[in-house]
Amino acid sequence: MLHIFRGTPALSNFRLNQLFSGFQQDNLPIVSCYAEFLHFAHLSEALTEIEREKLEELLRYGPTQKSQEPYGECFVVIPRIGTISSWASKATDIAHNCDLNKVLRLERGIAYYFKFNRTLTAEEEQQLVFRIYDPMMESIVRSPQEAAVLFEQHDPKPFTTVDILTGGHVALEKANVTLGLALAKDEIDYLVENFTALGRNPTDVELYMFAQANSEHCRHKIFNADWIIDGKKQDKSLFKMIKNTFEKTPDYVLSAYKDNAAVMEGSKVGRFFPDQDGQYRYHQEDTHILMKVETHNHPTAISPFPGAATGSGGEIRDEGATGRGAKPKAGLVGFSVSNLCIPNFPQPWENALSKPSRIASALDIMIEGPLGGAAFNNEFGRPALLGYFRTYEEKVNSFNGEEVRGYHKPIMLAGGIGNIRHEHVQKGEIPVGAKLIVLGGAAMNIGLGGGAASSMASGKSKEDLDFASVQRDNPEMERRCQEVIDRCWQLGSENPILFIHDVGAGGLSNAMPELVHDGGRGGRFELRKILCDEKGMSPLEIWCNESQERYVLAVSPEKLPLFEAICQRERASFAVIGEATEQQQLTLQDSHFNNNPIDLPMNILLGKTPKMIRDVKSAKVNNPQLDQSMIQIKEALFRVLRLPAVAEKTFLITIGDRSVTGMVARDQMVGPWQVPVADCAVTTASLDSYHGEAMSIGERTPVALLDFAASARLAVAESITNIAATDIGDIRRIKLSANWMAAAGHGGEDAGLYEAVKAIGEELCPQLGLTIPVGKDSMSMKTTWQEEGYQKSVTAPLSVIISAFARVEDVRKTVTPQLRMDKGDSRLLLIDLGEGKNRLGATALAQVYKQLGDVPADVVNVSLLKGFFNAMQALVKQEKLLAYHDRSDGGLIVTLAEMAFAGHCGISIDISALGDNDLGVLFNEELGAVIQVKESDLKAVRAVLTEHGLIHLTKELGIVTADDHIEITRSTRVLLSEKRSVLRGIWAELTHQMQRLRDNPDCADQEFEMKKDPNDKGLSAYLTYDLNEKITAPYIQKGTKPRIAILREQGVNSHYEMAAAFDRAGFNAIDVHMSDLQKGRHHLQDFNALVACGGFSYGDVLGAGGGWAKSILFNTALRDQFSAFFHRQDTLALGVCNGCQMLSNLAEIIPGTENWGRFVRNKSERFEARVAMVRINNTHSVWFDGMAGSHMPIAVSHGEGRIEFKHDQQLQALKAQNLIAAQYIDSQLNPTEIYPANPNGSAEGITALSNSNGRVAIMMPHPERVFRAVNNSWYPENWQEDGAWMRLFQNARVALG
């Protein structure tokens, strides 16, 4: 039974305007358009009137917009037929938690109603639907009733076989094409031989499983191959050269090359988590660091948002599935694409070269892909703190003569760090009889063949196979799974997880064989035990689909009840689908058809398949020098500042949460003006320590068009110069991930790959003492297609991306690029590791003038590079550096400009001592760094540089000036004289243009104007209370602690830092899941206070916090329990972010809240992660007692934080009753509605409210993430351990006596 509920208008005015702009570009005869949400309820039986009203109320969410009666021709966009959207999964969960159990499934679509001034042609109709839906993720039907196709169920399909006993090689070769297996000829021979020996035909499931498990993507055949180059056999494989770094420098590495991530030694700190009694406590223990970096290039090319989202999601699962369970902590994301070609923003280096229709454009990838990666990290609850973005697309004379090189097949990099207990670093043994479990979401017919598909050059696979390999993301489900893993590893020696892997490429067909094989066992499985959302799937589709957010585990039978209880509490789906066997055989039984889709010896599936031999020839390049004759410095700088690799990247940063965990010490944004120029990311190891972790990225991929080895060396070196200004100590503490992207088989590239791997694996890294314990390769970076009868291709440069990871001794000592004006007289020094060579080949300067040049930068002297790192470490330890920024893309002139942008100051520079060629001096990208040093410290700094052999490379540049001017001279000749604010505006143009295309253009314009304002004062802080006064001391000395419920729902992700803040204030912080209240394991009558934590309950489906609130309001027992708690006179309640949204939806049961508004989508219509300033007002709130008149920065991370009132009188009443506890203010300290000082557009900057008796408070920003000073992106130097917001938690402790 299907019931359709109309929803609110789906598009805001500016979204409609954007849509109409596209229609106008296509010359479509559209007079009007109206779009509204439709909700489709698939019911087991008819609803009662009460149930119908409840469901209607549940489906009422979002900003209030005036609906209209639809008219015109209807086009309904629904989830792709045959799939179940992640929205549906979460909305259905909410319905069931509201006791609406007749709802089998909820889905959502958008109905578009168009009025035309004439009938559309078939081509015009295609243009129209292309503007309103994504064919990879959605379908179009022509009426709401036709959406019933979403809920059709089909009978299960049987497996098929390939008749090789009769047809031999020919039959398998045909199946290789139709199934998209990407099998090589020797693999076909291998399979025919083995199945002939078994005396039977292979099933399609077995072939698909073999193809995925043995794809280049999964088995890394090229990196394990034997090599012959120019007729000479090479001694080592690529992988052996990488492993050489570990053989030479095994120091501090605990696990390498054998798990989902590598592990290195960390610090002994207090890890904070709840014990089995539910109380959060610190646990002093060795907390090691895990690291992993993946790529997800093919899916991102086909469908950017889910491709990038599942790229981040898969890498997060890799971290969680390390050892016997670990905790992901902080992430990185990177993109390489072809030229953007932004409409109305043409750049002189861009040509509108063509592309195949099946892949997304570079612009679409950079609009949708970053949103996907950010959305997954945000919803999972992992801060994304680091990244890179490069564009390249040019016809160049390289190793094969003139050809187009670029990133039509993009690079989507996803990586990060996590933590793991010492006892869980190594995986356990799998005993015979161990239960084999799939943890996570149900199987769906999506993401088929991703491993094999990503192993082909783009264009080799059929478009329908590309379509099938697109995946779907549900980060809230992955968060639930991670909570299960966390509960398990937190049990220490009682951890029920013996073995764990994530489910990625190839689905269960790769994950389960890998699990049992690594555990030395076989496995017997029952197909129909696998959770499935689509009953008509074939065995191949069930076993091989790549439905995301899944893990496979081995659990001993006696620990199974414990594991089940943990899963049920976290509402994480799981299924016991088999058990480990002594016999090395993989058997998959199908009880529905009473047959075995798989019955295969493990040694055939994962045995000695034929080893690849790469017999290749090297190539040389002979390119002319960079023609400098027509290049002027000012115009060159303007161009370079607009080049995406150099330009400001705020549009990629503020979409990502950078404060969740409460352990972020250095994000991308630097200083009071929050300028995105940080060289590295830094986290604290725990919530009670200054030890930590750092990570950085190095990449110089265009250099590979001239010199493969130099490109690899520079990537390693840049990762070091980026991380050098944090307190690491021994360079051997740094561990690298190497991600290799190449167009294998393209002339010269294979030999170039070998040359690059050798350059760092055999030479540079061993010489520096660096280890590469982890990495990934993608060997199909070429796009080919037919166009008007011609064969076309675009080939990516050989691309090595290096990510560096290190333990940090003291995170407070990290030095940023922000030039300081508050430290007296100072000097700027350049440490030139290029030794004056000033080479310009493959630089940003060359790129913006559509050239390549001849000789690129390179590592000149390895010992000096090592000496440079050691010198910086000494200066960091001694706190002799005021600012530090490495030289990279754009050269010295960009390094200096970015430092001035961060410091909101001017500079006066003389380059006389740096060489004779002005362009070479200013725009070369040789290794090096600029440091700012106090004049009084110059002698001591020079002594350190002398000690490390660098003094002859150190040149004094000039001074910092307290004005809005950047001046560069050669002695008395002025080379550049320009306002800093003008250059700052040019640097920001790319972000401005991308934000206008993607977000609310009014908001984009407001932020752009703010960046150019020389009078912007940036962030500041003024406190009306003593930050260091221990106001809770008298109460803590009593020896009793009030109990606070740290309340969370599925998808909440900020509970650890919240608990830590209350624990520090003197509370017993107790972990309380909503399922505990539902099942009676906890009751609110046992608590003195509750806090509803931030995150994404139910993934913000049905309105942020709305589903959580309605699961309380529509459950009589829970409603009564919460109402009783709020009406007690001895309790306190706080709601932060998602908890704020939730409590605002509970206002009807909270006394004194009749004028509260509710929180809806931000004005920008984008998730906003910012550091904003707020002012505390004078109210009755006990939470803000003594803080009135203060203003200070605070972390903001939300997508729905704009307050909306039913009527204006509510706002006036709040003001009259003094219930507005805090407001966003601008740099002039006035309440503001201007973006981004007000990140969500709330009226009068409202961001916190109190109820009338002062005991309940709600606020959208996150005080719990910045209760320690060190976790503020910027804070005054006189702040010590506690941050300004610790007082809020202390006030609560005082209020309870």
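Glycine is treated like the rest: Cβ placed from N, Cα and C.
Sequence annotations record features per position, and here Swiss-Prot assigns region 'Disordered' to 304-323.
Residues annotated as ATP binding site in Swiss-Prot: GLY307, ALA308, ALA309, THR310, GLY311, SER312, GLY313, GLY314, GLU315, ILE316, ARG317, ASP318, ALA678, SER888. DSSP classifies GLU315 (ATP binding site) as helix under the three-state reduction. Around GLU315 (ATP binding site), the same-chain residues at least 6 positions away in sequence with a Cβ under 8 Å from its Cβ are LYS292, VAL293, GLU294, GLY331, ALA414, GLY415, GLY416.
In the three-state DSSP scheme, ASP679 (Mg(2+) binding site) falls into the coil class. Look at Swiss-Prot and you will find ASP679, GLU718, ASN722, ASP886 tagged as Mg(2+) binding site.
According to Swiss-Prot, the feature domain 'Glutamine amidotransferase type-1' maps to 1043-1297.
Around the Cβ of CYS1137 (active site, nucleophile), 32 further Cβ atoms fall within 10 Å across all displayed protein chains. The annotation active site, nucleophile is assigned in Swiss-Prot to CYS1137 on the grounds of sequence analysis.
Positions annotated as active site by Swiss-Prot: HIS1262 (among others). Contacts of HIS1262 (active site) defined by a Cβ separation under 8 A and a same-chain sequence distance of 6+ are given as SER659, SER1054, GLY1094, VAL1136, CYS1137, ILE1194, ALA1195, VAL1196, SER1197, in order along the sequence.
Secondary structure at GLU1264 (active site), taken from DSSP and collapsed to helix, strand or coil, is helix. Residues annotated as active site in Swiss-Prot, with sequence analysis given as evidence: GLU1264 (among others).
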Candidates ALA309, GLY311, GLY313, ARG317, ALA678 (binding-site residues) - the one closest to ASP886 (Mg(2+) binding site) by CA: ALA678
Sequence-remote partners of the region 'Disordered' (304-323) [C-beta within less than 8 Å, at least six residues beyond its ends]: 134, 136-137, 255, 259-261, 263, 290, 292-296, 298, 329, 331, 333, 360, 364-365, 367-373, 375-377, 380, 382, 384, 412, 414-418, 420, 424-427, 447, 470-473, 475, 478, 481-482, 485, 500-504, 548-549, 551
Sparsest-packed among the recorded positions, when each Cβ's other Cβ atoms within 10 Å are tallied, from ALA309, ASP886, GLU1264: ASP886
Beyond the site residues ASP679, GLU718, ASN722, ASP886: chain residues whose C-beta lies within 8 Å of the centroid, for Mg(2+): CYS680, SER696, GLY698, SER719, ILE720, THR721, ILE723, ALA724, SER888, ALA929
Largest separation between Cα atoms (Å) of residues that the record links to ATP, namely GLY307, ALA308, ALA309, THR310, GLY311, SER312, GLY313, GLY314, GLU315, ILE316, ARG317, ASP318, ALA678, SER888: 32
Stretch-averaged pLDDT - the domain 'Glutamine amidotransferase type-1' (1043-1297): 98
Nonlocal neighbours by CB distance (under 8 Å) for ALA678 (ATP binding site), same chain, sequence gap 6 or more: ARG666, ASP667, GLN668, MET669, VAL670, THR816, PRO817
For CYS1137 (active site, nucleophile): DSSP state (helix, strand, coil): coil
In three-state DSSP terms, the structure that ASP886 (Mg(2+) binding site) belongs to: strand
